[in-house]
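Enquirer: Dropping the structure in here first, questions after.
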Amino acid sequence: MAWKKRTGVVLGVVLAVFLALAAIVFYLLRASVFVPVPGEVKLAGLSQPVTVRFDAWGVPHVQAASPRDAWFVQGYLHARERFFQMELSRRAASGRLAELLGEKVVAVDARFRRWGLPEAVGRQRQMLPPEAEKALAAYAAGVNAAILRLPAWRLAPECLLLGCQPEPWQVEDTLGVGLLLQYTLTWAAGEELQRLEELRAFGGERAVNLWGWSEEQAAAWLPPELPPRPSKAPAEPPPPVFSGVGSNNWAVSPSRSVTGMPLLANDPHVGVANPATWYEIHLQAPGLALAGVSVPGAPGVLIGHNPQVAWGLTMVMLDDQDLFRLTLNEQGTHELFGGRWLPLVMQKQSLKVRGEGQPREVVLKRSIHGPVVREENGQAYALAWTALQARSPVECFLRLASAASVYEGVEAFATCESPAMNLLLADRHGNIAWQVTGRIPKRGKGAGKLPAPGDDPAWAWQGFEPYERNPRVVNPPAGFLATANHDPFAEGNASGEPFPGEFAPPHRVRTIKKALAAQEKWDVEGFLKLQTDVKNPQALELLAALRPFLAKLPHPEARELLQWDGEMRGESREALLWANFLRALVRQVGLDEAQGAGLSRSPFTGEVFLRLLAGAVDPRWWDDVTTPAVEGPAEAIRKALEEAAALSRGKTWGQEHQLLFAHPLGGVPLLGKFFNVGPVGVGGAAPCLNATAYRGQARDFSVVSLPSMRFVADLQSWDNSRLVLPLGQSGHPLSSHARDQLPLWLAGKAHAMPFTEEALAREAPRTTRFVP
C-alpha cells in the first residue's frame, strides 16, 4: 500500500503546484493586464501624445491635441476592452458569423444578407461627407493599432478559444455596427407578419376588432386580398416583434429645477447584453469636448453632453418598414408592377460555415420595393426600410458633439434619414427641446399595418415627408418634456398630422408626466429615483376593471391583488401573483382559439384586455371553445386566479424575475460560470419606468430587456451628472471593471461623471500617456 501513499503525495504536490500557479496567473492577469497601469504606451499612427486618465470605474478621460487623435485613441480603447463584442457585431452586419460560430448561426447570416445590410453599408460609405470619413478612418486606425499591439488572449480571450484571427477594422465595419443597432431597434415588419397571421386565423372582422381599428381605418388599411396560409413554415424565421424594448427620457426647464438650470434624464431599454451595450468615455481636444456613452465599434458619444448641451434618445417607434407581397412569374425571376413584368435583381453569394469544407450558397433577390426577405408557398415579400436607403447617422452625431444650443442640436439632425428617434435636448441657456429625427415615409394607400400588394404602384412608397413635418417642441409651458416610445399625438405631445407607428403602450410616459407635474422642483437624486420606479400602472388599471369580478371571489389571493399597491418590487409576493394571473388570463382567453387556428400564442395582451373589459372587444373571446359549456368572464378570471395562486405560493417576484447576463460563449460547458454574470433577482416590468421586461407568454419571467444604462445630466454642474451601466466598462471577465457597476445599477444608484479639470484631478488619478 506504500505505492498508493506515495502516489497520493505526488498527486497532492502536483495539485498544489497547479493551484498555486493558477492563482499567480489569475492575480497577474487581473492586476497587471486588465487594469490600466500608469505609464507610457507607444502607438504607431498617433500624431501627437495623448493623455488618458482613468477614474475609479475604469472610465477613460481622453485629452488629445486634435479630434483625429481623440478618435484614434477611442478606437484603441474600445478594441482593448470590447474587441470580441465588436467582432461579433461586424460579422453579424456583414453576414459572416457562421465562419466563426458554425452552422447554428447560418440563418442569422442569411437573414442579414437578404435584408441587404452589406449593400446598405456600401451606399452609406459612398455618401459619407469628408469630416465623417476622417473621423471613422481615425477610429479604425486606433482599433487596428490595438489589433497589432495586443496579443490575441489580451485583445479577446474568446478569439483565442475560437481560433479566430482578427482582421483589420474598416470604415465599413463601423457603418455595419450602426445598421445592426438600427435593426435591433425596429420591428414593424415583424408586427405586419403577426397581424397577417391573426387575419388569416380569425378573419377580418374579429382581427380588426382585436386591433381596435375603426371601420374607416379597416377600409383604408386592409389589403384588397389575403394571401393563402403557407402549407409549411417558411425556412426564414419571422422578423422580431415588439417585446418590451423601449426607453425613457425627460427634461425639466430651469423653473422646475432646484439649481435654476435644466436637468435631463435618459435610460435606453435594450436586450440583455454581456458585455454591456455601451462604453462610457470622455473626450477632449481642440473644438471637441463630450462625455457619455459610446457604441463599441463607432467613434463619438451617442448619449451624453458637451460643455453647452446635453441630449438623450428614445426610439420614436415610427413605422419605417413595410412588406410588399410580390406577384412573380412562374420562373420566379420577374415581378408584376404597374402592369409590367420587371426583372428581379438576382445575386448568388457564398456563405462560409465553420466545420464545413464547402461554402453554402445564398441567393439574394431585390425587388423594386427593396430586398426580398421572405418566401413562402410561391409568395415572396420584399422589404422597404428607410435605413437601407439612408445616409449614416454618424455625421449627425458628430455635428451634435459641437452644438452650442438646443437649436443647433436640432439642426444637426436635419440630414438624419434613419433611425427615427426622440431627440431630447437641454442647454445651458435654459432651453429644453424635443425633436423627432429621421424620415417619415410617404405612403400611397394603406398605413403599413399589413403586407401590401407589391404589384400596385398606389400602395408603394412615394418618397419621404420633409424634415419640417417631424414634430418639434421647444420650451413648453408645462416646463417639462418626456418620451417613452409612445404615440406622441395620442398623448398630446405633438400637433400636426399623425404618422403611423408601432408605438408602445402609454403607461411609462404617463407615469413620467404625472410625477413631473406633481413636484415643483427636481434634482439629480430625484431623477435617479424616478428612473427606478417600479409601480405598474397597467396592472392597477386592469385590476380596477377586474374589481367587480375579483371582489366576488372567496380566494384570499383576490383580496391580495385588490389591496396591492402595484409595486413590482423584487421582494413582493403580490407582484408575482399578478404576473402569473395575467399570464394565466392570457391563456384562458384567446389561446384556445389561437391554437385551433394554428397559432402558437394568444392574441391577447394587457392592452387588449383593457379594451375587452371596457366592452370594446367581442365578448365571445371569454368562452373556452374546447369545452361544451359557454364560459363568461367570471369563470375565466376564477380559473386564472387559481392557477396563479398555485404557481405563486411561497415565492416572491425577484425569485422568478431573474436577470442573467449571458455571454455569447456562456452556453459552452465549463465556460458559463467564467463568462456569465448572475442570475440575480430584480424588480420592475415592461410597464414600469424600471422596465425589466420579460416575454409575456414565455414559460418563465426571465428578463429579456432592461435599462442598458441610466444617465442624468446636471446642466448647472456637469461634474454632478450621473451615469451607470448594468455591468461595467470592460468585456474581459477577469477585469475588475467587468461587473463592478452591477451593485450600483441594482441599487438604483449611479456614479459621478467628472468633466472639469478640478474634478478630474480628484477622481481620475491613474494616467496613461499614449505616444507616437
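Glycine is treated like the rest: Cβ placed from N, Cα and C.
The active site, nucleophile feature in TrEMBL is assigned to Ser247. The Ca(2+) binding site feature in TrEMBL is assigned to Glu192, Asp319, Asp322.
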Enquirer: Within its own chain, what residues at least 6 apart in sequence put their Cβ under 8 Å from the Cβ of Asp322 (Ca(2+) binding site), listed in sequence order?
Expert: Ala188, Ala189, Glu192, His369, Leu383, Ala384, Trp385, Pro441, Arg443, Gly448, Pro451, Ala452, Trp461
Enquirer: When DSSP is mapped onto helix/strand/coil, what comes out for Asp322 (Ca(2+) binding site)?
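Expert: Assignment for Asp322 (Ca(2+) binding site) reads strand.
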Enquirer: Report, in whole Å, the straight Cα-to-Cα distance of Ser247 (active site, nucleophile) from Asp319 (Ca(2+) binding site).
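Expert: Cα of Asp319 (Ca(2+) binding site) to Cα of Ser247 (active site, nucleophile) measures 17 Å after rounding.
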Enquirer: Near the residue listed as 'active site, nucleophile', how many other Cβ atoms are within 10 Å of its Cβ?
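Expert: I get 25 for this one.
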Enquirer: Inside 8 A of the center formed by the CB atoms of Glu192, Asp319, Asp322, which other residues of the chain have their CB, for the recorded Ca(2+) site?
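Expert: Near the Ca(2+) site, beyond Glu192, Asp319, Asp322, sit Ala188, Ala189, Glu191, Gln321, Leu323, Gly448, Lys449, Leu450, Pro500, Glu502.
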Enquirer: If you draw a 10 Å sphere on the Cβ of Asp319 (Ca(2+) binding site), how many other Cβ atoms land inside?
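Expert: The answer is 23 other Cβ atoms.
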